[in-house]
Amino acid sequence: MSASPSLPASQGPLPQGERVNKAGRVVWFTGLSGAGKSTLATALFEELSARGEAVELLDGDAVRENLSKGLGFSREDRDTNVRRIAFVAGLLAKHGVTVLVSAISPYADTRREVLASLPNALEVFVDAPLEVVTERDVKGLYLKALAGEIPHFTGVSDPYEAPENPDLHLRTDRISVEDGVQQLLGRLSDDR
């Protein structure tokens, strides 16, 4: 039995007058497993928390373990998982929270659907070539998928439909985490 993925400590609710961000927003990180979605989202979470923003991180692995347990990896199950994440993100954003979603969310039409339903949503494409994510994969899942041992593996035996027009495109094989966070902060301040 595997341990449940850990969640970062929550920034407690701030009284309405003390909130830095009055309107909530959703930053949706999408990309292949190992591209750096969770790494960037966690680093941004820490920075926004330090600035006093009400912020939450919804990590795809943690959501799958806690909210979407029992779902498989069919197209329908993946879409259901993405819609559940979007529902929770929307509830939080409605109450002035900046929500960082880190989820593969492989299908473009489902991403468009959920992003259109969310307030102040930004789509961030976290991009790294298959060779790079395979090298980063400490569990060896990509090698197993490439050998045919893992069916329905996004980017290998199941499609990943890259965003055509993301709000921000971060190529993590070319930039540092710090550079990525600075680009994200710049984009977030542009949208305020």
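Glycine residues also receive a Cβ, built from the backbone N, Cα and C atoms like all the rest.
Note that the structure is a prediction, hence the values are computed from the model and not measured.
The following features are taken from Swiss-Prot:
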type: BINDING; residues: Gly31, Leu32, Ser33, Gly34, Ala35, Gly36, Lys37, Ser38; note: ATP binding site
type: ACT_SITE; residues: Ser105; note: active site, phosphoserine intermediate
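Sequence-distant neighbours of Gly34 (ATP binding site) (same chain, six or more apart, CB under 8 Å from its CB) are Ala128, Val132, Val133, Thr134, Arg136, Asp137, Tyr142, listed in sequence order. A simple Cβ count within 10 Å picks out one of the binding-site residues Gly31, Gly36 as the most packed, and that one is Gly31. Sequence-distant neighbours of Leu32 (ATP binding site) (same chain, 6+ apart, CB under 8 A from its CB) are Ile104, Ala128, Leu130, Val133, Thr154, Gly155, Tyr160. Counting only residues at least six positions away in the same chain, the Cβ atoms of Trp28, Thr30, Gly60, Arg78, Val82, Ile85, Arg111, Val114 sit under 8 Å from the Cβ of Ser105 (active site, phosphoserine intermediate).
Taking the mean position of the Cβ atoms of Gly31, Leu32, Ser33, Gly34, Ala35, Gly36, Lys37, Ser38 as the ATP site, the remaining same-chain residues with a Cβ inside 8 Å of that point are Thr39, Ile104, Val126, Ala128, Val133, Thr172. In the structure as shown, the Cβ atom of Ala35 (ATP binding site) sits within 10 Å of 27 other Cβ atoms. Just so you know, the Cβ of Ser38 (ATP binding site) picks up 22 other Cβ atoms within 10 Å once every protein chain is counted. Residues near Lys37 (ATP binding site) in space but far in sequence (CB under 8 A, at least 6 apart, same chain), listed by position: Phe29, Thr30, Gly31, Gly60, Ser102, Ala103, Ile104, Val126. Less than 8 angstroms from the CB of Ser33 (ATP binding site) sit Ile104, Val133, Asp137, Leu141, Tyr142, Thr154, Gly155, each of them six or more residues away in the same chain.
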